[in-house]
Amino acid sequence: MVTKVLVLALLATAALAVNPDLEDQELAAQKYVNDLETDILSRNNEATEASWAYESDISEAHLKARDEIQVRNANYFKEVARELRKYDWKNFKNGDLKRMFKKMTDLGYAALPEDKFTELLDAISSMSENYATAKVCDYKNRDKCDLALEPELTEIFATSRDPEELKYYWVQWYDKAGTPTREAFDKYVKLSNEAAKLNNLSSGAEAWLDAYEDETFEQQADAAIEQIRPLYEQIHAYVRHKLRERYGEDVVSEKGPIPMHLLGNMWAQTWDNVADFTTPFPKSQLMDVTEEMVKQGYTARQMFEMGDDFFVSLNMTRLPQSFWEKSILEKPTDGRELVCHASAWDFYKTDDVRIKQCTRINMEDFFTAHHELGHIQYFLQYQHQPSTYREGANPGFHEAVGDVISLSVSTPKHLEKIGLLKDFVLDEEAKVNQFYRQGLAKLVFLPFAYTLDKYRYGLFRGDIKPDQANCKFWEMRTKFSGIEPPVVRTEKDFDGPAKYHMSADVEYLRYLVSYIIQFQFHRSACELAGEYVKGDPVKTLNNCDIYQNTNAGNAIKEMLAMGSSKPWPDAMEVLTGQRKMSADALLEYFQPLYDWLMVENKRLGAYVGWEESDKCKSN
């Protein structure tokens, strides 16, 4: 996840009179925004430092300092926007200047009056602090109430196979991390909508979608979900059948949604933690290098150093020394509370980039390290751009970059190259296992990511009323993912914010976009590297490793260096030659899995699809 502090800045100057001569006005406007740049960078740095201080050491003092800076900068930026609107910028000839003005006059939340802006910050802080500090009691020792999401609950969900234990922890977490935020969340929705309307947008949903610069983008996301649905239904049917075999029909029904607490993840957003007992060919080696990492004495720093080496091998930029000095790569042991969710940070100073991650020594976090370093590399590649353009081409691009690298890192041949996989034979059974593992990590995530924002769009637009907010959430989770909560929930509960991004006001469509376009990026990079040839049984998309290939690296680097200086289709075209988001590359990658699942589900007699859930009661 990329953390971007609210961009709030202004240079306090006397108002410039608008020149009736458009050409002269354009020159004056260019000088004005150029003169703002140093101040914008300074203010962004100050705000980011304050957010870093708070998220790495949660305290009232750090929260107060962060919010004061954000309020101060919001007021400044309103003045800048007011100044910029004096120019007839929509008629400027310089397209780049017009683009810059459009971005700088969109105030976001800063459009709110100061008292309401502060109220919105308080609501978000209240939710995110509740999430970050939530603790639950031990299943076997109810007097021990110090279990946090990371690492304790995450580890339990990954490894426990006791349905009652998992159900207990699920209820504990959702009751603690979600339900207490309802009042703050209602306030957040109301104020987000007010800010959107002040920016001439109809609701908070349109404010988020505006970042994609395409009026049809929501429909593109709808179409992509429909495109992958047949494949998703097949993997869902297979996993449900395997869970039913393990836990019995009293726990998992034949045709109903899957009880989500059994899927190895608190939110059932990925299911790869149940690969150990659901894998298609258990006698064929399942690729998991965690044991080897522990055996070799891997450290958190070493994991990031290896990720750094991968990017350097593509002719990209090595991490600056300050990264190692200022990042938090392991959970501190000094007792402080912090936001453990992995995040990458740009401090708007040359080469000042950092990661905050409570790294565990396992394969999942090895891939996460590469993902976060993808954000860092993006920061480093576009740091020459004006501050307005120091962001991804669209929100999904930032998330996709690291995952493109992870698609290479996770191949058996790459893990063999770096000494983590030994004597691994990639026969047909091993290939199916590998596709399946990727499917549990990538495919099943798509409807989850889609639902999180479609649900919030409904709240922002008023299509979902507050008194039906919880049951609508579960209705959508069931409709798109075919899962359900382990116990009956009601409108007394409020479960959406038990996911970090919903508590922390992070738009989530970016992850859906990322998981689709990363396969478009991967296919093009692999073609450039000579690692993929369509139809070649050896040079397949799922066994491509672009490590040490500068052709692929240079093309990716060129795309990253653009930041958001051009509309995202222009950036995508640089690497892929395509200008639209499409699930075609993803489906091509997983075609062998789809073919196998169709045959296997028929053989097993596994029911494909799911019936409605009765696990949320409105009254």
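Glycine too: its Cβ is placed from the backbone N, Cα and C atoms.
Caution: TrEMBL annotation is automatic and unverified by curators.
Per TrEMBL, the Zn(2+) 2 site holds HIS371, HIS375; the candidate it also names there, chosen from GLU391, GLU399, is GLU399. Of the listed cysteines (CYS471, CYS544), only CYS544 is recorded by TrEMBL as the disulfide partner of CYS526.
Within 10 Å (C-alpha to C-alpha) of CYS544 (disulfide bond) lies none of the recorded positions CYS145, CYS340, GLU372, ARG510. Cβ contacts within 10 Å of GLU399 (Zn(2+) 1 binding site), excluding its own Cβ and spanning all protein chains shown: 25.
In the three-state DSSP scheme, HIS501 (active site, proton donor 1) falls into the helix class. Of all the disulfide-bonded residues given, namely CYS145, CYS340, CYS358, CYS526, CYS544, the one with the smallest number of surrounding CB atoms inside 10 A is CYS145. Nearest by CA distance to CYS137 (disulfide bond), out of the recorded positions TYR212, GLU372, HIS501, ARG510, is HIS501. Sequence-distant contacts (6 or more apart, same chain, Cβ under 8 Å) of ASN94 (N-linked glycosylation site) comprise GLU26, GLN30.
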